[in-house]
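Down below is the structure, laid out as structure tokens.
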Amino acid sequence: MIKPKRWYGWWIVAICWLTYFINSGFPMYGGNVANSMMVAQTEMSRTVLGLGATLFNLFSGLFGVVVGNLITKKGAKISMYVGTCAIIVAALVMGFLCNGNSVMFIIGYGFILGIGINFGTALPLQNTIIFWHDKKRSLSLGLWATAAGVGSFIAAPIMSKLAGNFGWQACWIFVAIAAAVNLVIIKCFLIEKPSMVGQEQDGYLNGSKSVSETGKAKKPSRVYKTDVEWEYKDAIKTPTAWMILLGMCGYFCVYIVVMNQGINLVLENGLEATQAAMLMSAIGIGSLIARPVFGAISDYVEPRWVWLVMTLVTMLGAFLLKSCDSIAMVYLCGILIGGGFGGAFVQVPAVISNYFGKKAYARIYGLLLPIMNIVTCIAPTLAGAIYDANGSYDMAINIFVAFGFVGVIGLLFARPPKRKTQEG
């Protein structure tokens, strides 16, 4: 591990960005390209492909409690090692053992890769950034979160080129190599806490009279931040924690339905396949722009209110999708949905850490994440079933947009928690 001479906080954001890009961009977005080509070239059914994707989505958040406890007790770096090694194993299974075999696909992609993403991406990296940043916490989280958006643009073309020249198996070999390089980056450059190298949050240097610009005395802020570190057991007993969960379920449920069924909905409105596909590009563009922009805003405006507005924006985009019958409407709806999702996404870690402190963050988010995944993972299936029963997506969109108001109501009541006086 390096010993930086200057404050390392913004380098941490860059390193977390790079590790997130490698561990999520190539296996998640590029993996979809490889899987599509594998199905086309083998006898594996679309049903198995869908089952693997469902299990992947489930396992990528199912062990959040375990991940949170591991980070709290052993550190974020250990979690990153576990997750990255799991990604390597999953990629090797897919590249050398799968070849259209349903069992190997379920094990490699659905189970092992899902666990790798759970342990080796968002939660440990968010936790690291939160320990380094306080004043610019939301901005730093927003900048970091752009890695996923950039990954969606870069990984898919690279994987498509690899698959075209060397076969889809080459994609997974590339994922394994990239993850192995990531292990070296994590080992050498990722520093979990500023105290490990004699530094402090926002730029204070231990034992030094010089303080960076970011470390000057704090001015009064309109953004609530607790001045005490909550205990995990006390935090989860507050109504606020469960109102935050409602907020998480509200915006994500609308988003995941659109991501799964949105293109089919646009096709039903009479647009061509190439035009309908632009919806995903527009969502990606909106999300990529919104993450740093609304991350920066929520350093000055209460993140809970930004999250609430972004949830409403996501819901508006989904509602307008019902009448999306032109390429202009495709872009409008996509940017609203992607921008709303991206703007809401970066508020979740900001709100939790601002309300309860940085030490309990990993365990709190680790508890809420799998519950959200379980609640929302059935939404795309229900939307498809409603379409099969009625021949239209209108009812499904109306139902899940209405469900988004559950999140809005939760955020209205997710007030800063009150804490019993605790020694120390």
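Glycine too: its Cβ is placed from the backbone N, Cα and C atoms.
Per TrEMBL, domain 'Major facilitator superfamily (MFS) profile' is recorded for 1-422. In the predicted structure, the domain 'Major facilitator superfamily (MFS) profile' (1-422) carries a mean pLDDT of 90.
According to TrEMBL, the feature transmembrane segment maps to 7-29 (among others).
What TrEMBL lists as transmembrane segment is 49-71 (among others).
If you look up TrEMBL, you'll see 78-97 (among others) marked as transmembrane segment. Through the fold, the transmembrane segment (78-97) approaches residues 19, 23, 27, 31, 34, 67, 70-71, 104-105, 107-109, 112-113, 115-121, 123-125, 169-173, 175-176, 179-180, 182-183, 186, 190 of its own chain, all at least 6 residues removed from its boundaries and within a Cβ separation under 8 Å.
Look at TrEMBL and you will find 103-126 (among others) tagged as transmembrane segment. Tertiary proximity for the transmembrane segment (103-126) is limited to same-chain residues at least six positions away from its ends with a CB under 8 Å from its CB atoms, namely 16, 19-20, 23-24, 27-28, 31, 35, 44, 48-49, 51-64, 67-68, 70-71, 76-77, 79-80, 82-87, 89-91, 93-94, 97, 141, 144, 349, 361-362, 365-366, 369.
The transmembrane segment annotation in TrEMBL covers 138-160 (among others).
Nonlocal intrachain contacts for the transmembrane segment (166-186), taken as residues 6+ away from its ends with a CB within less than 8 angstroms of a stretch CB, comprise 15, 18-19, 22-23, 26-27, 30-31, 33-35, 37-38, 41, 77, 80-81, 84-85, 87-88, 91-92, 94-96, 99, 158-159. TrEMBL lists 166-186 (among others) with the feature transmembrane segment.
The transmembrane segment feature in TrEMBL is assigned to 241-263 (among others).
Under the heading transmembrane segment, TrEMBL lists 275-293 (among others).
According to TrEMBL, the transmembrane segment annotation covers 305-321 (among others). Same-chain residues lying 6 or more positions outside the transmembrane segment (305-321) and placing a CB less than 8 Å from one of its CB atoms are 247, 250-251, 254-255, 257-258, 262, 265-266, 290, 294, 297-298, 329, 332-344, 347-348, 351, 397-398, 400-401, 404-405, 407-408, 411-412.
The transmembrane segment annotation in TrEMBL covers 327-352 (among others).
According to TrEMBL, the feature transmembrane segment maps to 364-387 (among others). For the transmembrane segment (364-387), same-chain residues at least 6 beyond its ends with a Cβ under 8 Å from one of its own Cβ atoms are 54, 57-58, 60-69, 71, 123, 126, 232, 235-236, 241, 244-245, 248-249, 252-253, 256-257, 259-261, 264, 348-349, 352, 356, 393, 395-397, 399-400.
Per TrEMBL, the feature transmembrane segment maps to 393-414 (among others).
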Beyond the flanks of the transmembrane segment (241-263) by 6 or more, those residues with Cβ under 8 Å of it: 235, 276-277, 279-280, 283, 307-308, 310-311, 314-315, 317-318, 321, 337, 340-341, 344, 348, 351-352, 355-356, 364, 368-369, 371-372, 375-377, 379-380, 383-384, 387, 393, 396-397, 400-401, 403-411, 413-414, 417
Long-range environment of the transmembrane segment (327-352) - Cβ separation under 8 angstroms, sequence gap at least 6: 126, 130, 137-138, 141-142, 145, 149, 244, 247-248, 251-252, 254-255, 258, 262, 266, 271, 275-276, 278-291, 293-295, 298, 303-304, 306-307, 309-318, 320-321, 361, 364-365, 368, 414
